[in-house]
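Student: Sharing the record's features from Swiss-Prot:
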type	residues	note
REGION	1-26	region 'Hydrophobic'
BINDING	49, 52, 57, 74	[4Fe-4S] cluster 1 binding site
DOMAIN	108-137	domain '4Fe-4S ferredoxin-type 1'
BINDING	117, 120, 123, 157	[4Fe-4S] cluster 2 binding site
BINDING	127, 147, 150, 153	[4Fe-4S] cluster 3 binding site
DOMAIN	138-167	domain '4Fe-4S ferredoxin-type 2'
């Protein structure tokens, strides 16, 4: 019984010693992150889709901050993200990537042909924003509100039952330009 207590004490002391060494090393050799990169990374949508040409949002944020990369390459974030980054960096807003985009491309969303889906879950594993729901050997479906149209779920599908389709433009999904709607202000008199 005495040997067990000695072993427990020895392991505890070793754990305490290594913990203290790791704690000291983490403070002594800490790497300070660039606060601008952190702020840009917080603005980006974290979809990790790779449409900007970088493997994720963090490398794109580093490229913007350190290498002077264009701020208009985030397709899922669109114009709203580009404007926030421009405001943060005090630079001029740029047209969305595509040099001189005249027409904004239609928003694409993944659609699964559920009759051909075998429930392999490869699309679920590939989706960076968890927009696909389903279970093993069960039908899968896409939550269109979450889908960024990044196309990463199409190639892994063994039955090729996933396709990207444009989102139908409805009054709910249409981008309203409220500044072009004529509004007449009618003065109201208050009577006491």
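Quick reminder: no glycine exception, Cβ is built from N, Cα and C everywhere.
Can you tell me where each of these features sits in this structure?
Tutor: Computed over the region 'Hydrophobic' (1-26), the whole-number mean pLDDT of the model equals 93.
Taking the Cβ of residue 57 ([4Fe-4S] cluster 1 binding site) as reference, residues of its chain lying under 8 Å away and at least six apart in sequence are, in sequence order, 41, 44, 45, 46, 47, 48, 74.
Beyond its flanks by at least six residues, the domain '4Fe-4S ferredoxin-type 1' (108-137) meets 47-49, 143-144, 146-167 of its own chain at Cβ-Cβ distances under 8 Å.
Under a cutoff of 8 A between CB atoms, and with a sequence separation of 6+ in the same chain, the neighbours of residue 117 ([4Fe-4S] cluster 2 binding site) are 134, 139, 140, 159, 161.
Residues near residue 147 ([4Fe-4S] cluster 3 binding site) in space but far in sequence (CB under 8 A, at least 6 apart, same chain), listed by position: 109, 110, 129, 131.
Residues of the domain '4Fe-4S ferredoxin-type 2' (138-167) grouped by DSSP class, helix first, strand second and coil last, total 0 helix, 7 strand, 23 coil.
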Student: Mind tallying the domain '4Fe-4S ferredoxin-type 1' (108-137) by DSSP state, helix then strand then coil?
Tutor: 5 helix, 7 strand, 18 coil
Student: Which binding-site residues from the set 49, 52, 150, 153 come within 10 angstroms of residue 123 ([4Fe-4S] cluster 2 binding site), judged by C-alpha positions?
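Tutor: The binding-site residues passing the 10 Å Cα test are 153.
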Student: May I ask which of the binding-site residues 49, 52, 120, 157 is closest to residue 150 ([4Fe-4S] cluster 3 binding site) if we compare their C-alpha atoms?
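Tutor: It is 49, whose Cα lies nearest.
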Student: Taking the binding-site residues one at a time (74, 127, 157), which has its Cβ surrounded by the most other Cβ atoms within 10 Å?
Tutor: 74
Student: Write out the long-range same-chain contacts of residue 49 ([4Fe-4S] cluster 1 binding site), meaning residues 6 or more apart in sequence whose Cβ is under 8 Å from its Cβ.
Tutor: 75, 76, 128, 129, 148, 150, 152
Student: Round to a whole number and give the Cα-to-Cα distance in Å for the pair residue 127 ([4Fe-4S] cluster 3 binding site) and residue 157 ([4Fe-4S] cluster 2 binding site).
Tutor: 12
